Structure formats: structure tokens, C-alpha cells
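Sharing a structure below in C-alpha cells format, with a few things to ask.
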Amino acid sequence: MIFSSGKNLRLLLPYPFLILLFSSLLFFQIYSVQLGIFSYAFVLICLGLSFFLFTKLEKSFFENYFHEFLFFGILLRVMLSVSLPIWEDDWARYLWEGAMISHDFSPYQLAPDFFFSNDSSILNSERASEILSRVNHPDWTTIYFPWIELYFSWIHSIAPFSLIELKLSYIVFDLAIFWFIFKLSNEKAAVLYFLFPILLKEIYINAHFEVIPLFFISASFWLMENKFRYLSWFLFGLSVHCKLFLIIFFPYFVFRKRIFENKLFPNILYYFSASFLFGTGLASGFFAYKYIVGLDGSEDIRSLLLFASSFEFNSILFYILGSFVEKSIIKLLFIFLMIGINLFIILQRNRFFKNRKRSMATMSFLFFCYLIINPIANPWYFLFLLPLYLISFSDNSLGWANLFIPQLAYFTYTNLGILPSSKEEFGFYNLPALVLWAEIFLFFTIFISFPKNYSILLYKISNISNFCKN
């Protein structure tokens, strides 16, 4: 029984109690953004420490209370879905662009500010006007790909301008991810995913849609591991369609579960078929948007390119080098760095993709490198690391802590209520240098504090040096 062990009780109670308390405060709108960023920092520390204790429970405990934890996770999601977003406004664009498509306007051709001075059937309520007024960068057309836009439109057709229904709909994807992690690892890994506080906050409080591409990439992992290779490639294409940076996982699909060893023609046929299915998944949304929905402009990705080239947020290593080198040069260096890391992984593919755990660990390392060198590293982007960490690392690993650290990105000048030292630093998204250095320090501390992680680094360095000698 749960109360038969004093140790289990001490480890279990803090986290469920604190996260249920926090969820209840949000549910009844007792806790809000007005309490200030430092109150959130206190909540974050408490949840992080209590989650750490939660991870120390034995696997058998999670096996015995698997369904109870599942029910508790669903309850938390429902409660948090009625809460208000904290320091985020992306959700307003989701709702507005879903409404645009439902009213036969293409968000790829018209920016939200078009409706500031033009009457439209969309603006048929105070709620619609409120949503429009909260859209960030209203002069930009959409930066999201068609399947995501069509999903927003589908939610709008069910419940117009309803943030609650949008967040509740994410539960279906989350349950599937929970099942995939359970099948790829065990009950403990699945429960830790399902009750992870940063996931709950970013998806069910702030309404970020990243749970959708996370579902597709998790499904493609499960399919590949279970030898449904062709379908895996198709879903991988869908995941990249939903979130373009997931192309980072391409080496996994190329080198994991290879069918034909040293057979040229069968390999050519397999990779040709796989490439076709990947391309089909990637392009399917554009086809559906144009020929099924009947709207144009989805191939216009100028806003996405503008976002990628001009926007900068929580850029960790990018910030450090930016003090010494021109940003254009840094971006070029980072491209070469990612190419170099990929080449090393390719050359060592038999070692890095030997089994499931090592494959996932390799991909987590590659994706983490991408995030810390990328000019844009939104805190919710790190959620894609969570299944990889839980599947590939031991129970004693603190990989999940790397998802807490980027929450410091919410400590912007605006949220802190302080003025920056120069006009160039002013803005809603700008971070004090101290915050970025704190992130770097914490990432480094987690890394060197655990001998296993440190030995992995030395192991990789020795491989590189040996390769260079040869």
C-alpha cells in the first residue's frame, strides 16, 4: 500500500500536494501574473525540488499505482485548462488565425492588423475584438505551417475563440505520448512525463501547441522501434511539417533499424520509398490547405524566414559570442558546428545507434546542442527533450532539470519591472545578461555534478581525438 512505507510517503507527498495546490490556485484564479515573476520563481523551485523527490520512488511503486497517476494527470490537465496564460500571448494568434481560416481568410496572405481597419464577419463579438487586440506582432502573417493552422480552424469550428477547448483538446495527444513512452520504456518514465510540471505549465496554462508535433515525433519513434519503418517516415514528415526544427532527428531515422546490411539495391529502394513517404508527410498540409480547404498562400513562408532571421530570444551561446563576433558570422559558425556534430554522429553511427537507449541519448545530445546555440530557444522548445531523457537515461539522471532552467527566460526586463542600461536592450522579450549567464551556469553545474554525464563527455572527446589521429 501507498502508506505502508514511510520512505514512499515522504518522497511522494510533496510533489502531488504542491502541484495540486498550484493547479487549484490557478483554477480559482487566486494566483495570477499580477503576483509577480518572483512568486513564480518560488513556485518553480518548490515544484522542482519536490519533483526530484518524486523521481526517487521505486519503479514498482509506479507500476502499482499506474492508473491512479494517470487519473491524477488528467485531472490536473482539466484544472489547468481553465486557467489564464502566464506571461504568454501566442495563444491569441492561435485563436485568431483559426477564426480567419473558418471565415475563408488566409493567414498566409493577410496579417491580423488588416482587420484593425476593415470590417469583417470575424469581428462579430467582443470576444473576437479582444482576441484580435492581444495578437502579438499583428503586422506579421502567420509563421505556422498548414496542418497546425487547420487544427486551430477545426477547434474554432467547434468552440469559437475558446482557449479552454483548445487546451482540453491537447489531452488526446498527451495521452498518446504517455502510451508511447510507456511502451518504449516503463511505467515510471510514462508517469514522470505525464506529471512533469513544465509540460503542464507550457501546454495547459500557456496553451502552446508543441504537444502536437511532440505526438508525431513520439509516434514515429515508437513505429521505428517496432519495425513499422515506412509509416514511421511518414509521421516523421508530419512532425517536421508541424515544427521545422525536428529535422534535427533525421539521423535517427536513417541509421536506426536499418533493414539491409551491405546490399546496395534494396537499400536504394528502401531509402527512396522512405524519402517519398517523408516528403508526403511534409507536403500533405500544403496540399490539404490548397485543394481541400480551398485557400491560397500556404507556400509563402516569408514571415517564417523573417522570424528565423530577425528574432532573437534566450539565445544562450549566441549571446556569449555576440559580444565578440558579428551575428552573421556567428550564425555561419553555428551552421558549420551543427554540420560537424552530425558528421561525427554519422561516422560513429554503429556505436550511437546500437540500441534504443543509446539512439535516444544521441538525439537528445544533438537537439540540446541545437537549442543552446540557436538564436531562438523558447522555453517550451525544450519539451521535445523530455521523452528522450526519460527513455534513454537512468532513474538517477537529472536530465529533466534541463527543462526547468530555460524557465529563467521569463525573467525579462519587462517582467522584472526594471529598465535596461541601453535602448538596444529594451523590449518585452529582452533578457538581462545576468539571467543568460545564470542559465549557462546552471546547465554547466548539472553537467559536471554527475560523474556519469562527465564521463560521457570525456568518452566523446576521446572518440573525436582518436578519429582525428586516424
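Cβ from N, Cα, C; glycine included.
Copied straight from TrEMBL:
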type	residues	note
TRANSMEM	12-31	transmembrane segment
TRANSMEM	37-57	transmembrane segment
TRANSMEM	69-87	transmembrane segment
TRANSMEM	168-185	transmembrane segment
TRANSMEM	205-223	transmembrane segment
TRANSMEM	230-253	transmembrane segment
TRANSMEM	268-292	transmembrane segment
TRANSMEM	328-347	transmembrane segment
TRANSMEM	359-377	transmembrane segment
TRANSMEM	397-416	transmembrane segment
TRANSMEM	428-450	transmembrane segment
Please figure out which one of 12-31, 69-87, 268-292, 359-377, 428-450 racks up the most CB pairs under 8 Å against the transmembrane segment (205-223).
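Ranking 12-31, 69-87, 268-292, 359-377, 428-450 by Cβ pairs under 8 Å to the transmembrane segment (205-223) puts 69-87 first.
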Which one of these stretches, 168-185, 230-253, 268-292, 359-377, 428-450, has the most C-beta pairs shorter than 8 Å to the transmembrane segment (328-347)?
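Between the stretches 168-185, 230-253, 268-292, 359-377, 428-450, 359-377 has the largest tally.
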Mind pulling out the one from 37-57, 230-253, 268-292, 428-450 with the most Cβ pairs under 8 angstroms to the transmembrane segment (397-416)?
428-450
Please indicate, using numbers and ranges, the residues of the same chain that are 6 or more beyond the transmembrane segment (428-450) and have a C-beta under 8 Å from a C-beta there.
313-317, 319-320, 372, 396-398, 401-402, 405-406, 408-409, 411-414, 416, 418, 420, 457
Please report, as numbers and ranges, the same-chain residues at least 6 past the borders of the transmembrane segment (230-253) whose CB is under 8 Å from any CB of it.
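Sequence-remote neighbours of the transmembrane segment (230-253) are 145-148, 210, 212-213, 216-217, 219-221, 223-224, 273-275, 277-285, 304, 342, 345-346, 349, 353, 359, 362-363, 366-367, 370, 374, 381, 384.
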